[in-house]
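Pulled from TrEMBL:
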- 1-110: domain 'MTTase N-terminal' (DOMAIN)
- 133-365: domain 'Radical SAM core' (DOMAIN)
- CYS147, CYS151, CYS154: [4Fe-4S] cluster binding site (BINDING)
- 368-430: domain 'TRAM' (DOMAIN)
Amino acid sequence: MNVYDSHRMADILHPLGYRAVDTPDDADMVILNTCHIREKATDKVFSDLGRMRDHKDERAKSGKKTLVAVAGCVAQAEGELIMDRAPYVDLVFGPQTYHELPEMVVRALGERVVNTDFPVESKFDSLPVDHVTQDGPSAFVSIQEGCDKFCTFCVVPYTRGAEYSRPAEKILDEAKTLRDRGVKDITLLGQNVNAYHGEAADGSTWSLGRLIQALGDIDGVERIRYMTSHPRDVDQDLIDAHRDVPALMPFMHLPVQSGSDAILKSMNRKHTADHYREIIAKLRAARPDIAFSSDFIVGFPGETEADFEATMQLVRDVRYMSAYSFKYSARPGTPAANMQGLVHDAIMDERLQRLQALLMEQQREFNTAMIGQTVPVLFDGRGRKDGQLYGRTPWNQPMHVMAPAQYFGQIAQVRVNDATATSITGELAQ
Ligand code: 5AD
Ligand code: SF4
């Protein structure tokens, strides 16, 4: 979501003459787009800001002014603190206000500006439909923002605000505009993307599954993905879309966090481990080649060895193609931050290691099972070596393949020659 937001900021600033550059070295403005999800991400903001101050001082020596801005969820949650601790920061703005960037930038040239409002609807209404800075065949489209789930560990409902779904027609227009720019692969974004319930042109409400059906009918849109989903919102429409829409990729990121019912309850996830197993089974029945990834938190307050073993068992039962796993990080203002039963850091480390070893083994199994198969790869990047392109399989695995430059932006059949837990190699089949 932050990658998408950063692109949209570049789009909005484009008419003012700003262009995105690869490094901050000679930039007139630096926007640090931040994440508040875990403590580590937040800590990084303050160390990065120190570097921005040096950068600003350095440029000031040659009489150049640098605007330093902090965007995103840390800006939302800790805007005042940033202003106090970092006097060289000119502008702080939350994730729901970046459509106001042109005015904010002008104001910030004269005074320090903090904007942490939540005008979600107006943000989407005033974002340009065209992604002028779009490059390559893969693009993100934000369809939903915010979250009303209030998992007890999570800051998102406080930093991104309440759930909001964009009208379906606007999303379809954006997809068509992107298609006209050569985009073939669209990833629909939302903190709770399958809670999507957008208004359609006829006044009815569309689910994510319904929206995907309509996107699948757009000529030229060849790959559709979405993230991130919540198990509670996997409905029949979405399962049907996986069965019926050929452009919908056979992949789903479906975070479960824990395999223990007691911990799931304490996390306020509102489902059991078995309910999650049932969802996975239904999706596999609808689309046999579907693969899953997930997020896990180890060491949530009160997690016993038996709770952790339940997580390991769930992983063994589901078999993931990849996953992200984290040590629990207490976030200020969340209910879990006041819970008893803190798990010792050394125990968290040890559990994380065991979980990651199991997940890595499953990832290796998934990748190596592809050896000898031919898969369609969409080339959406330049390779590391000359004559190479970077592409992605239907399961979003990255691949470097020797291919002529004109294959960039195209889908080609690639035979998988070799694979490890973290890489896959292959050659053009035609
Ligand atoms: N501690 C650790 N991990 C967290 N996540 C969210 N909040 C926390 C937290 N307080 C993880 C969850 C979520 C992912 C985006 O980040 O696994 O799915
Ligand atoms: Fe956070 Fe996701 Fe839970 Fe919403 S559903 S509170 S974004 S973990």
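Any Cβ shown, glycine's included, is placed from N, Cα and C.
The residues near the [4Fe-4S] cluster site, meaning same-chain residues not in CYS147, CYS151, CYS154 whose C-beta sits within 8 angstroms of the mean position of the site's C-beta atoms, are LYS149, PHE150, PHE153, VAL155, VAL156, PRO157, GLN191, in sequence order.
Less than 6 Å separates the Cβ from ligand 1 in the case of CYS154, drawn from the binding-site residues CYS147, CYS151, CYS154 in sequence order.
Note: CYS154 ([4Fe-4S] cluster binding site) has non-local neighbours ILE37, CYS147, ARG331, THR334, i.e. same-chain residues 6+ apart with C-beta under 8 A of its own C-beta. Taking the Cβ of CYS151 ([4Fe-4S] cluster binding site) as reference, residues of its chain lying under 8 Å away and at least six apart in sequence are, in sequence order, GLN257, MET267, ASN268, ARG269.
Within the domain 'MTTase N-terminal' (1-110), the DSSP-based counts of helix, strand and coil residues read 63 helix, 14 strand, 33 coil.
Every protein chain considered, the tally of other Cβ atoms within 10 Å of the Cβ of CYS147 ([4Fe-4S] cluster binding site) stands at 23. Each residue of the domain 'TRAM' (368-430) gets a DSSP state, and the totals for helix, strand and coil are 4 helix, 33 strand, 26 coil.
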